[in-house]
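Noted in Swiss-Prot for the protein shown:
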type     : residues : note
TOPO_DOM : 2-18     : topological domain 'Cytoplasmic'
BINDING  : R15, R18 : cardiolipin binding site
TRANSMEM : 19-39    : transmembrane segment
TOPO_DOM : 40-517   : topological domain 'Lumenal'
CARBOHYD : N267     : N-linked glycosylation site
CARBOHYD : N370     : N-linked glycosylation site
TRANSMEM : 518-532  : transmembrane segment
TOPO_DOM : 533-555  : topological domain 'Cytoplasmic'
Amino acid sequence: MAAAGAAATDLEVVRGKRSALFFAAVAILLGLPLWWKTTETYRAPLPYSDISGLNALLLRLMVPVTVVFTRDSVPLDDQEKLPFTVVHEREIPLKYKMKIKCRFQKAYRRALEHEEEALSLGSVHEAEAMLAEPEKQAEGSLTVYVISEHSSLLPQDMMSYIGPERTAVVRGLIHREAFNIIGRRIVQVAQAMSLTEDVLAAALADHLPEDKWSSDKRRPLKSSLGYEITFSLLNPDPKSHDVHWDIEGAVQRFVQPFLNRLSVAGNFSVDSQILYYAMLGVNPRFDPASSSYSLAMHSLPHVINPVESRLGSSAASLYPVLHFLLYVPELAHSPLYIQDKDGAPVATNAFHSPRWGGIMVYNVDPKIYNASELPVRVEVDMVRVMEVFLAQLRLLFGIAQPQVPPKCLLSGPKSEGLMTWELDRLLWARSVENLATATTTLTSLAQLLGKISNIVIKDDVASEVYRAVAAVQKAAKALALGHLSSAFAASQEAVTSSERAFFDPSLLHLLYFPDDQKFAIYIPLFLPMAVPILLSLVKIFQETRKSWKKPEKID
């Protein structure tokens, strides 16, 4: 009986050891991998090497320039060398991680018969009408006509002319270094019509040191897929003024043609409103000498905040909102004039705020007070008002007057208020700005994901990152080839995809789940099971060691 009991006890011990080993094996070989897999943070692979390479991206902006030489514009020996191509390239000195080079590829050729006929006319406008084929010119390309040194096409004191389309005229020269001298003039004209250091600096204003560029460079709106424009009439004294404005007709006549030309750069929506009893919030100063009131330049920033609370919130808008306010001062503060920094009245009686909009003060003619009872009817001169608002709108979009070379005649804008090469120059700037924004966004996202390991990277986020990187590379390649339209479209796609990835809500799912909270959750679950298994394994290990140390047999 004792032997049977000992055998049963040994069998139970062996069974216990096997059970402990089985539980330990299941926990280690199956439980731990399953727990690790089900609790890991999913992170889809990203092109980190491609993103880091974007910091050293070289943007080569190529402007195709066709140079057409008429008879007697250069010496005969030089005319026999035509056609040929000359490339002028220079680096833009900006303190920015992305290198930018402007490349003017000048294709020289002789003028065709119809071009010779057009350029022999009496005025440059007649020649432009005869040469007008803007639909055949690609976006971003330029055509420069070189005429005879003694041609009457331009005024005698003018050496060059910049037209409203993608064309310019430059006087030739009978000189042995004619090509070199004329080539420098052509580059100056081409830069004024396309890419200058100021244009690119304004586009990269948010990415450059603040002390390098003035506030004027930060005036243009940031690139966006759309913009909202609101025209507001502020009538603080409706008891004295019955103001009428034909804003709908003025928008259709003046603003809409301008926005139609700008539609390639974004979508636009326009609305209007009338606000009564809306005050500026700043007390104007009375001038006894002129019996008028004035707003000093230093007080203008304080005008916007009180008025902005009445305009409606723009926080709900997906796009930037531009406000254009027409303020009719109350009778007690009429007439009201805006002063510049020297204390002189501003000619337009208006001012604008960068990336916000503009305000114009519209004074009522004092003669109507004598002939009418209050409230007097006020008919707003919308032509004068829209001239001011359109000028402000151009500045807010970064469409400023170009820095033309000396003795250069600049044509006025067309009826739409925008020249074709100005639109191209805007697209150049927007493309560079979009690429800089997309590169910064992707780099910041890669750094963030590298520092915080428990951020989830879903497949759709990774696909947006890949799409953004590919779009940046595509846009850079298109810019180097001079394909402005496709480059701008690719740059917009790069910004959209990069920001969609950066602001994806799924990135925040496990962001606030640190390691100490993980231990606080998992220890109560696994400790009661792990302690008995570990103790059993220790006991089995100790008994196994004892069994290996058998006592030596003594005779």
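Glycine is no exception: its Cβ is also placed from the backbone N, Cα and C atoms.
Features per Swiss-Prot, on structure.
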{"residue": "R15", "record": "cardiolipin binding site", "DSSP class": "helix"}
{"residue": "N267", "record": "N-linked glycosylation site", "DSSP class": "strand"}
{"residue": "N370", "record": "N-linked glycosylation site", "DSSP class": "helix"}
One should report the C-alpha separation between R18 (cardiolipin binding site) and N267 (N-linked glycosylation site), rounded to whole angstrom, as 74
Which residues does N267 (N-linked glycosylation site) neighbour through Cβ under 8 Å, counting only same-chain ones at least six apart?
L225, G226, Y227, Y319
R18, N370 as recorded positions, winner by CB count within 10 A:
R18
Just how many other Cβ atoms lie inside 10 Å of the Cβ on R15 (cardiolipin binding site)?
10
Rounded to a whole number, how many Å is the Cα of R15 (cardiolipin binding site) away from the Cα of N370 (N-linked glycosylation site)?
116
Give, as a single whole number between 0 and 100, the mean pLDDT over the topological domain 'Lumenal' (40-517).
87
